[in-house]
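Reading through the C-alpha cells given below for one structure.
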Amino acid sequence: MTPRKKLKGLVAATITPMTPDGKINLPVIGQYVDYLVNEQNVKNVFVNGTTGEGLSLSIQERKQLAEEWVCQGKDKLDHVIIHVGALNLPECQELARHAAAIGAGGIAVIAPFFFKPTKKDELIAFLQKVASEAPEVPFYYYHIPPLTGVKIRVEELLDGIKAQIPTFQGVKFSDTDLLDLAQCINKNETGEFEFLYGVDEQLLGALAVGANGAVGSTYNYLGRQTNLMLQAFAKPDFALAQQYQFLTGEFLNFVIKLGFGVAQTKAVMTSVSGIPMGPPRLPLVGASSEFIIKAKAKLDSIVWPDGD
C-alpha cells in the first residue's frame, strides 16, 4: 500500500442533503465541501454513517453519495472515509468494492445489529470478509454500541486483528467508555492505529487519554471552534480548551433536552451554513419550527473565547 497522510484532527460526519420530496440532493455536495474547508477548516469527512442516515439509504444512493464526495473532495479534502456497513455481508462487500473502485481514502464498518456477533472472533470474521474486498484501502471499525447493542470491547478486538485484517487502520470510537479507549491507546505503543473519538461533548476527555482526533456531527457547524479547542489542548492551554468544550456541551445539553437527533442536526446545519439539508427520511421526522427557533437562539447567544 502506498504511504498515506495520517488521519488526525476533525472528521465531519456528513449529513445527507435531501430534497423536500425525500430524494438525495447531490448538487449541493460541492457547496458542502467548500463550506467545510473554507468556513469550518475541516478537511476530512465520514460519509454514509449515522449522521448521514446511511442505513436508511438504498445501496445505489449510498454509491452515488460516495462518488460525489470523492469527486467534489478531490484536491480539497485530505480524507474521504466511506461507511460501508450494512445488515448483511454481501451488501457490505459490494459497497467496499465500490469504495475502492472510486478511490475512497478509507472504509469503515459498523457491527451488524439485528443478528449480532456476540464474541470477538465472530465480529472479526465479519469485518475481515468486508475488508478483504478492498485490499488496498485503509479499514476502520465503527464502534457504536449504544446503537448496535454490540458491546464487544475494542481493547479485546485489537489483539491479533492486524494479522487477520492487514488493512486495519483504527477505530471510530463512538462510546462513552473512556476506560476501553484508554486501554486501546495504551496498547498502541507504536502509534500504528488511529483512534477517532465519536462523542463530541466528551472529546476533551478522549484527547486527554490519547485520541488522535474525532468524527462527529457538530464539526459540520462547530468545526472552527473545535479546531481552536484542539489547538489550545496542544499548546497546552487546558483552561482555554475546557472553555471550548464546556460551551459545546452547553449547546448540546440544551438541544438534547429539546430532543436532538439526526433530523435536528440537519435543521441546525441548514440554519448555520445556509445549505439546504432538507428533511430526514422516515421513520425520522423533521425538526419542529419551535426547535429550530430555540436552537438557533441558543447557538447565537454563545460567546466563544475567540470573540465570535
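Cβ atoms here come from the backbone N, Cα and C positions, even for glycine.
Computed from a predicted structure; not experimentally measured.
Around Thr51 (pyruvate binding site), the same-chain residues six or more apart in sequence whose CB sits under 8 Å from its CB are Ala13, Thr14, Ile15, Ser217, Asn220, Val262, Thr265, listed in sequence order. Taken from TrEMBL, the feature pyruvate binding site applies to Thr51, Val215.
Here TrEMBL flags Tyr142 as active site, proton donor/acceptor. The Cβ of Tyr142 (active site, proton donor/acceptor) lies under 8 Å from the Cβ of Gly49, His83, Gly85, Ala108, Val109, Ile110, Ala111, Val171, Lys172, Ser174, each on the same chain and at least six residues away in sequence.
Here the Cβ of Lys172 (active site, schiff-base intermediate with substrate) has 27 other Cβ atoms within 10 Å, regardless of which shown protein chain they belong to. Among the features that TrEMBL reports, active site, schiff-base intermediate with substrate is placed at Lys172.
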Distant-in-sequence Cβ neighbours of Val215 (pyruvate binding site), under 8 Å, six or more positions away: Val11, Ala12, Ala13, Phe46, Gly49, Lys172, Ser174, Leu196, Tyr197, Gly198
